[in-house]
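Novice: Mind having a look at this structure? Questions to follow.
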Amino acid sequence: MTDALTELLSTRDWLMADGATGTNLFNMGLASGDAPEFWNIDHPERIRTLYRNAVEAGSDIFLTNSFGANASRLKLHDAASRAFELSRLAAALGRDVADAAGRKVVVAGSVGPTGEIMGTVGTLSHETAVEMFEETAAGLKEGGADVLWVETISAPEEFAAAAEAFANVGMPWCGTMSFDTAGRTMMGVTSDDFVRQVDALPNPPLAFGANCGVGASDLMRTVLGFAATGTERPIIAKGNAGIPRYEDGHIHYNGTPELMAEYAVLARNAGARIIGGCCGTMPEHLRAMREALETRPTGPRPTLEQIAAALGGFSSDSDGTGDTPAPKRERRGRRRS
Amino acid sequence: MADEDDDIILADLNDEELVEQMFDDLYDGMKDEIEDAVHILLDRGWAPYRILTEALVGGMKIVGEDFRDGILFVPEVLLAANAMKGGMAILKPLLAETGAPTIGKMVIGTVKGDIHDIGKNLVAMMMEGAGFEVVDLGINNPVENYLEAAAAEKPDIIGMSALLTTTMPYMKVVIDTMVAEGIRDDYLVLVGGAPLNEEFGKAIGADAYCRDAAVAVETAKDLIARRHNQRAAG
């Protein structure tokens, strides 16, 4: 059976994903430091509203309120054992909203990072990470998610663990990393590295890309980096609505709906097929993005200069790819093995 | 440790060469070599404090600068910090015995609801690497933890970290509580984390926002020096 996302991708040139989860939930009264996932039980109507707002603003895909629904993050709230249950509920509420939408809407089960470090200097083993992701994935599947969607990942080890977990539960999936450090992820992954990792997976994702990070410009540069590899896999662009400011007791992102509309069109021109927002992206941004995507033609791939002119400058000179490798330090000589 | 022809025997190096070699070995995260070199310098009569400042802090400064400049990334910095920790573990008891000065003390933690401690750990390591005494509160700290630690440890600096949009406003809760208790000005408050920026730091009433661990070290040194000057002048 073909999954809902593959089906939509086969009939449409572009799809619009959703916007922010955290920022929207704050506006509904979530207190800072509390786990948003508890609202799947305590305030299911608010979570339905969150989803419905994205759908009504034109999203073809929305992510479930399960970003932190893994054992590692939930243990902060003495709820490590509830990853499955909270994930299942997040997806089930999403299923209700999608099925009532009157058109095909994809419920994407959000899977966030564990927050722990893997690899040689880390504390989290591959096996434990797979187990944790599998628990979340199984809950999302049970709740009726169409696809799984791992996001905001920095480490290739963690991405690989999520992919393996998704294979174990037999679900199609998407995955995005967050490129927030001089054009790379916090762990140093470039756009180019990521494409290579994705292509080499035994169960590659339906689509892959970038989310969150620094701002729309940096994210666009990353998308261009993906496209430059010539990959045929659909690219996802989910950028923040500008940068956060603290105003009148709450967080406000400075990106306007007009800017995000501009970003959406540029992202499509750059080669992204799934376009959405991340932190700070509210329904009014999504509506402006949808309108722009529907009414404006697809243009040529933008240059970095055009991106900077439309969306603002970049946070670093280089994104770590291409012919300008970072200068290496002069060393004294050999290294012992 | 392979014994190839081009191997460097640490003990054969003179002091200056050995310190240079330690810079390289810290950069490459070679813990065993750093530990060996610390022992060699101690045997040669170096004071623990001199080893700390000239070799370890000096080496970590290069790591910090390359991290700041986007040449090194988190995995390399973690390895380097791990190597430095090996050296520090040897020096720490000796430093305590000799009553060596510290340049300041910091209490640091990730705020309530936030598990992401990579950035916080980096700051803690780099601050230690720069000679600060660091008390690490770990992750998920409610405001009470910061206040209790402040009272118990009497630090110069309180550092808060958040990596999520949903947790960053909690920093303001901590600062507001400090203001309400009348202790805000007793400490320098530094904040950091991926979603933050300078404007945010100012808006919530922190002394500074630090973009990364290297900047945190520079800022901490700078603010402590300024505070000393102010106190001397006042």
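Using N, Cα and C of the backbone, Cβ positions are placed for all residues, glycine too.
Note that TrEMBL annotation is computational and uncurated.
Reproduced below are the annotations present in TrEMBL:
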type	residues	note
DOMAIN	A:3-293	domain 'Hcy-binding'
BINDING	A:Cys212, A:Cys278, A:Cys279	Zn(2+) binding site
REGION	A:310-337	region 'Disordered'
COMPBIAS	A:312-324	compositional bias 'Low complexity'
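Walk me through where these features lie, including what they touch and how far apart they are.
Specialist: The Cβ neighbour count for A:Cys279 (Zn(2+) binding site), using a 10 Å radius and every protein chain shown, is 28.
DSSP labels the residues of the compositional bias 'Low complexity' (A:312-324) in these numbers: 0 helix, 0 strand, 13 coil.
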Novice: Counting across all protein chains present, how many other Cβ atoms fall within 10 Å of the Cβ of A:Cys212 (Zn(2+) binding site)?
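Specialist: Here the count is 22.
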Novice: According to DSSP, which of helix, strand or coil covers A:Cys212 (Zn(2+) binding site)?
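Specialist: It is in a strand.
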Novice: If I take every residue in the domain 'Hcy-binding' (A:3-293) and average their pLDDT values, what number comes out?
Specialist: 95
Novice: Take the Cβ of A:Cys278 (Zn(2+) binding site) and count every other Cβ within 10 Å, whichever protein chain it belongs to.
Specialist: 30
Novice: Taking DSSP three-state, what's A:Cys279 (Zn(2+) binding site) in: helix, strand or coil?
Specialist: coil
